[in-house]
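Engineer: Here it is, the structure, as structure tokens.
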Amino acid sequence: MLHLIYISIIVVLIIILISYTHKPKYFRITAPRSVTLFHGIHPLNPKNYKTFSEEFETILNNAIEDGDFKGQLTEPCSYALRGGKYIRPIILMEIVRACQLQHSFGAPIYPAEAALAVEYFHVASLIIDDMPSFDNDVKRRNKDTVWARFGVAKAQMSALALTMQGFQNICRQIDWIKEHCPRFPDPNQLGALLCTFVSHSLNSAGSGQLVDTPEKTIPFFKIAFIMGWVLGTGTIEDIGVIERAAHCFGNAFQLADDIKDHDTDTGGNYAKIHGKRKTFDVVAQSLQECKKILQGKKIYTSIWNEIFQKVINVALGT
């Protein structure tokens, strides 16, 4: 099934890249939405985590209502997406917001489509992770896993649908920018770059999933950080620095989870190997390095204190 997903990603990616490189700057490659995902939401207003989470839930509900998922896959995809913490889309939206306080493109960017994409990719990976051929989990987020509720076949196809829809969301984000942000530099080129980067990150996540390493966690944070940076600044300048911040945060997130699962994990749990105390020290060091990078790029805002504390709370079991 993973091979089918990867082949489908490659085919879609080729089509997207051809579209971006052979069409005029203002050519749409996606159909317009029938609803406004972000009605009543202003992207430049400062927000706390709770407000961001509620706003993203509104965006998600609107996207599902607008038909992001079709037919028999609507219910399992919607089911899988409910009840998350939405930390990845919140990170993406906040980075875009912070960047726009320094960069103007003629109109504020609403990164709703990109935020949906990163959550879709992440949830697709969770569905696969829970499958009988991987972790064989029957519970997640205090409810049945997708395969346990809907069956293996629908779970597999739901993961594929989420992944494919995520790429369409990225394309829709670029189309929206082309229509609403006249000073955004070369959106077609950045759209092709983002799709290529995301494809590479998903491949890394898939490889990490097979051997159960932090590389199944970190790539999704790289997608959130880097898409946020590129959409917020309109450039790939310093993208390596932002990727480093994402790596530090993703590493802290995974190790905090290892501490939480110390007593139940049977695989290569870092905290089991090195001890909880040392692992917690690495979590704190990684978060501190991430903070330093974000401060250096002037995108460390008050909500990061909440985000970092959530990671610490996982490690502390609170």
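Positions of Cβ are set from backbone N, Cα and C atoms, glycine also.
So Swiss-Prot lists these for the protein:
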BINDING   Lys85, Arg88, His122, Arg141  isopentenyl diphosphate binding site
BINDING   Asp129, Asp135  Mg(2+) 1 binding site
BINDING   Asp129, Asp135  Mg(2+) 2 binding site
BINDING   Arg140, Lys216, Thr217, Gln254  dimethylallyl diphosphate binding site
TRANSMEM  1-21  transmembrane segment
Engineer: If you measure every Cα to Cα pair among Arg140, Lys216, Thr217, Gln254, the residues listed for dimethylallyl diphosphate, what is the largest value in Å?
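Structural biologist: Taking every pair of listed residues, the largest Cα separation comes to 17 Å.
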Engineer: Tell me the Cβ contacts of Lys85 (isopentenyl diphosphate binding site) under 8 Å, same chain only and six or more apart in sequence, or just say none.
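Structural biologist: Same-chain residues close to Lys85 (isopentenyl diphosphate binding site) (Cβ under 8 Å, separated by 6 or more) are Ser53, Lys310.
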Engineer: Cβ within 8 Å of the isopentenyl diphosphate site centroid (Lys85, Arg88, His122, Arg141 excluded): which residues?
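Structural biologist: Close Cβ neighbours, site residues excluded: Gly84, Tyr86, Ile87, Glu119, Val123, Leu126.
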Engineer: In Å, how large is the greatest distance between any two Cα atoms among Lys85, Arg88, His122, Arg141, the listed binders of isopentenyl diphosphate?
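Structural biologist: Pairwise Cα check on Lys85, Arg88, His122, Arg141 gives a maximum of 16 Å.
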Engineer: Where does Thr217 (dimethylallyl diphosphate binding site) sit in the DSSP three-state scheme?
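Structural biologist: It is coil.
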Engineer: How many other Cβ atoms are found within 10 Å of the Cβ atom of Asp135 (Mg(2+) 1 binding site), counting all protein chains shown?
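Structural biologist: Its Cβ has 16 other Cβ atoms within 10 Å.
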Engineer: List only the single closest residue to His122 (isopentenyl diphosphate binding site), chosen from the binding-site residues Asp135, Lys216, Gln254 by CA-CA distance.
Structural biologist: Lys216
Engineer: If you count other Cβ atoms within 10 Å of each one's Cβ, which of the binding-site residues His122, Arg141 has the most?
Structural biologist: His122
Engineer: Tell me, how many other CB atoms lie within 10 A of the CB of Asp129 (Mg(2+) 1 binding site), whichever protein chain they belong to?
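Structural biologist: Other Cβ atoms within 10 Å of Asp129 (Mg(2+) 1 binding site): 16.
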